[in-house]
Amino acid sequence: MLQRIKSFLKRNHKNLILSGLLFFGFLVRIYFVDKFIIVSGDLLLYADWGQKFWEYGSKNFYYVADWYYAPPNYPPIISLIYAYSYWLYDHKYVLAQIHNIVKFYPSEFIDYFYKNGYYLTLKLPSIIADLAIGIFIYRIILSITNSYKRSLFALSIYLFNPVSILLSSIWGQTDSLIAIIALLSFYLLTKKHFAASVILYFLSLYIKPNWLYLLPLYFYLFVKSKPKLREIIVGGVLTLTLFIISTLPFSKEGVLNFSIWLWRDRLFPTAFVAHKASVGAFNTYAALFKLDYTPDDISVLGIPVKIISYFIYSLTLLGLVVYLRRSKFKWESSLSAIFVLGFGVYLFFTNMLERYFFAAFVPLIMLAILKPKIFKYMILINIAVFANLFFSFFRRKYEFIADVFHANNYLLIRIFSLINLFSWFMILKHLRISNKLHHDK
């Protein structure tokens, strides 16, 4: 018997270690589910939306004006996720019934779920997405390097990263859920699975449009992949079907009319409602001006910063197109492009929140493992964006944290912002994207 156990462990030790890391990462996140609830105003907002979905009904959900915190201003799919998170919690009595029959889990879990179950169900999609990202990173690094140790190391960097833990299990944000779906969409392009790729990219946008800035890059890679007309039609039809099915429950006067109203009156206005050069991001404008104070119509050398941001965005896109044209269509090239554009948007666009770096975060970890020269810059960015999240999450509840970051004319914020900017430029240099643009000219 002992020999069989040893033989089993020897044959499966890699999978056991991988499973152990994933399980431990899951436990760490579950531990933080009920911590700092009163600090997370966003989580309380999402909880209100999920509960009121059933009280008001789906047809009235977006139109009701009487909300405790704020009216819903996200696309329909995320509203459905919050709604069914509450539905699961509201049926918590089923857990007690199952426990009375099979005694599968301890009664303490039932007590925990009755008290914190709603926060658990709200955060669970992002926690599961974190584990999926860990597996995704592991598989990608293993397929490229054929190194088990490097793959586990990359997985561990993400899975036990304070950035991912804070966002999903403490703050309750869905950035990781959006990221895994969008990354799979880009990855499937390299595998020529065009219909699935289109559906997933739309799904990521219809949860939250955080990756909308990367749409031109996605479109270029899609066209460059030369999909067949049949695949385009299949992807388009399935995407349209998903759009109709997920939107129809909320539509009073037709899907099209509702969608136009939602984007015109809710999504776009709230995306820029702050009208600040930087709302919460430690970026270029946080380095130059006052965070969450300086308006977004300010000028630099007589040029409005909005115009500057669009110019840099366009120049970055041009550089990436040249880079991708001269590179073989490999996943590493796509990763580089996603990071450069995603973090560039975070650094140079106005009205950026602290979480908007996340589109670049997972690609950065993989690139740092694949290209060791940029590993130190990944560490610097990791420290800076965690400081950004820590400050943004805790500053309103604990004023001394805000005081530390605001001291000496926002010195800490400016330092971390410059670290982000410096690291992005250095990674750009090591990826040789700017060199390829210059060579092409």
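Count begins at 1; order follows the chain as displayed.
Placed from the backbone N, Cα and C atoms, the Cβ positions cover glycine too.
Whatever TrEMBL says is automated annotation, not expert-curated.
Bear in mind that the values here come from a model prediction, so they are computed numbers and not experimental data.
According to TrEMBL, the protein carries these features:
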- 16-33: transmembrane segment (TRANSMEM)
- 124-142: transmembrane segment (TRANSMEM)
- 163-188: transmembrane segment (TRANSMEM)
- 194-220: transmembrane segment (TRANSMEM)
- 232-251: transmembrane segment (TRANSMEM)
- 307-324: transmembrane segment (TRANSMEM)
- 331-349: transmembrane segment (TRANSMEM)
- 377-395: transmembrane segment (TRANSMEM)
- 407-428: transmembrane segment (TRANSMEM)
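By the Cβ criterion (distance under 8 Å, sequence gap of 6 or more), the transmembrane segment (163-188) is counted as touching the transmembrane segment (377-395), at least 3 such pairs being found.
Residues 18, 21-22, 25-26, 29-30, 33, 81, 85, 148, 150-152, 154-155, 158-159, 164, 167-169, 172-177, 179-180, 183-184, 187, 331, 362, 365-366, 369-370 of the same chain lie 6+ residues outside the transmembrane segment (124-142) yet bring a C-beta within less than 8 angstroms of a C-beta in it. If one looks beyond the transmembrane segment (331-349) by at least 6 residues along the same chain, the residues whose Cβ comes under 8 Å of a Cβ in the stretch are 140, 144, 183, 186-187, 189-190, 211, 213-214, 217, 221, 281, 283-284, 308-309, 312-313, 316-317, 319-320, 323-324, 356-357, 359-360, 363-364, 366-367, 370, 381, 420-421, 424, 427-428, 431, 433.
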